[in-house]
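*Asks:* One structure, pasted below without further comment.
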Amino acid sequence: MGNWVENEGLSIFVVLVWLGLNVFLFWWYYLAYDIPAKFFYTRVLLGRALALARAPAACLNFNCMLILLPVCRNLLSFLRGSSACCSTRVRRQLDRNLTFHKMVAWMIALHTAIHTVAHLFNVEWSVQARVEEKGTLAAVLSSLGDNPNESYINFFRKTIGNPVGGLYVAFTYLAGLTGVIITLALILIITSSTKTIRRSYFEVFWYTHHLFVIFFIGLVIHGAGRIVRGQTAESLAEHNPEICYKNFTDWGKKGACPIPQFSGNPPMTWKWVVGPMFLYLCERLVRFWRSQQKVVITKVVIHPFKTIELQMMKKGFKMEVGQYIFVKCPAVSKLEWHPFTLTSAPEEDYFSIHVRIVGDWTEGLFNACGCDKQEFQEAWKLPKIAVDGPFGTASEDVFSYETVMLVGAGIGVTPFASVLKSVWYKYCHDATNLKLKKIYFYWLCRDTHAFEWFADLLQSLEAQMQERNNAEFLSYNIYLTGWDETQATHFAVHHEEEKDVITGLKQKTLYGRPNWENEFKTIAGQHPGSRIGVFLCGPEGLADTLNKQSISNSEADPRGVHFIFNKENF
């Protein structure tokens with residue numbers, strides 16, 4: 001139980017608080033429209049659909065207030081930083097910003113569906129009430145406002161029946177038109193955010209996601225028409241609807257109940273979202289300012305397996321291990337920004353990224369850098385690059401532990417290149433103040449070519465540790481997951497050689513996938529009573545496995561071994 005709290009407790013607490021606030025707001029606003037006398041006559045027209053429309057509207061306001069905050073990267077990076085005001089546990093929650101962003105998005109979709117369906121009934125009944133035969137309370141209420149000195153309760157003032165009347169509301173009333181627009185925008189945003197679209201058609205995802213601007217504009221003005229109307233306080237003092245509804249035919253006559261007066265609810269959404277919208281506007285202004293700063297590409301290195309390395313310099317650029325940046329290449333696209341983990345160390349006089357060519361944008365960058373040409377490329381011919389960042393990630397906390405497990409899958413090794421480089425530099429200069437005493441490094445990859453750009457770093461670090469008689473500092477395991485038994489057997493005959501025939505390292509390459517349960521139990525046995533940081537940059541399936549192993553292999557005793565799971569998420 002102790003480890004469950006350590007690994008998931010604060011996250012679960014945050015989620016429960018968020019869900020609890022949604023339930024509270026839904027129930028509070030449902031009762032606010034389902035019980036008070038102010039909306040007695042509105043409920044006569046619309047029934048329970050009134051409360052079922054307003055309750056999710058309040059939850060929509062709440063979640064739309066939250067949705068922008070997790071993507072204010074500069075704000076989050078400032079908060080998580082290395083400042084004393086942000087504890088390790090809080091930083092770990094900030095690292096889950098995109099997970100929370102997605103959860104909020106799905107909650108917005110749920111409440112939008114409830115709100116929309118309820119309003120479809122509201123519109124149908126409002127339209128129907130205007131053409132209903134006279135003599136009923138609904139007909140009398142709908143006719144209010146037709147005469148002088150009367151205020152209306154039924155927003156639909158035409159005498160057009162359904163379905164034409166409903167379509168008229170949807171496309172001519174401000175609330176109807178903005179509702180249609182923001183619902184369509186939300187559908188496009190969510191459907192284009194699926195993993196398949198993001199991986200295969202990132203440009204579609206990127207452009208469609210910016211429909212959020214239209215969504216928020218529509219959301220703010222959606223309630224400006226004030227179509228949800230209730231009885232005024234002055235009218236309630238003279239006209240008690242729970243009594244007067246019985247003699248509605250005598251309203252306004254001497255000695256009877258006066259004609260009730262109504263007013264629309266003022267728009268409230270802007271009060272919820274103005275703060276986050278302002279913060280996000282500041283975020284975009286900072287990004288724009290950064291994009292105007294000059295970035296110089298000092299070197300382009302072509303690595304095997306369709307990977308290129310860009311080494312860059314920028315005035316005032318400061319980074320920590322494992323951070324990432326957003327890159328824009330105007331020669332490829334004037335609008336698109338793409339995230340890349342920094343593979344350089346803070347101690348180096350440049351910063352670098354490794355880009356694997358997997359799509360149209362990366363292919364365009366490859367060609368723009370002249371990597372498709374055989375001849376040497378002059379520096380002045382290299383494209384202009386805009387950089388936003390760096391931004392903090394979970395990998396920044398590596399040096400907060402004495403023992404860590406670093407797990408990279410495929411190109412997911414990039415944040416650990418920065419970590420291992422920084423370790424190498426620290427050992428070259430002064431490692432006496434280094435809290436980190438032991439690294440277990442795992443790299444899972446399908447193809448041998450992917451190892452080549454990383455092997456030199458491991459060889460340098462391996463030699464440095466041996467030179468300082470600390471070869472046990474780094475324990476690394478490289479797994480080829482895409483090889484069959486025949487290929488593995490072919491290289492197994494060289495197992496007795498001093499260096500691995502694939503990587504050139506003393507540590508032999510392994511085949512298949514790690515037995516994570518054994519790995520965790522072994523490490524737990526070697527470091528009793530320790531807090532061990534587990535850092536992953538890889539797919540969700542592997543994340544689930546490592547998280548479960550972190551929980552199951554940690555002890556309930558606070559003095560026992562605890563595995564703290566952290567995942568790169570950007």
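Cβ atoms are placed via backbone N, Cα and C, with glycine included.
For 12-31, 103-121, 167-192, 204-225, the entry in TrEMBL reads transmembrane segment. For 287-397, the entry in TrEMBL reads domain 'FAD-binding FR-type'.
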*Asks:* With Cβ distances under 8 Å as the criterion, find the stretch in 12-31, 103-121, 204-225 that has the most pairs with the transmembrane segment (167-192).
*Replies:* 204-225
*Asks:* Just to confirm my parser: what is the rounded mean pLDDT across the domain 'FAD-binding FR-type' (287-397)?
*Replies:* 83
*Asks:* Would you mind listing the long-range same-chain contacts of the transmembrane segment (103-121), meaning Cβ under 8 Å and 6+ residues beyond its ends?
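*Replies:* Beyond its ends, the transmembrane segment (103-121) has Cβ neighbours at 15, 18, 22, 46-47, 49-50, 52-53, 55-57, 59-60, 63-64, 66-67, 70, 166, 179, 183, 186, 189-190, 193.
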*Asks:* Summarise the domain 'FAD-binding FR-type' (287-397) by DSSP state, stating how many residues are helix, strand and coil.
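*Replies:* Going by DSSP assignments, the domain 'FAD-binding FR-type' (287-397) contains 21 helix, 39 strand, 51 coil.
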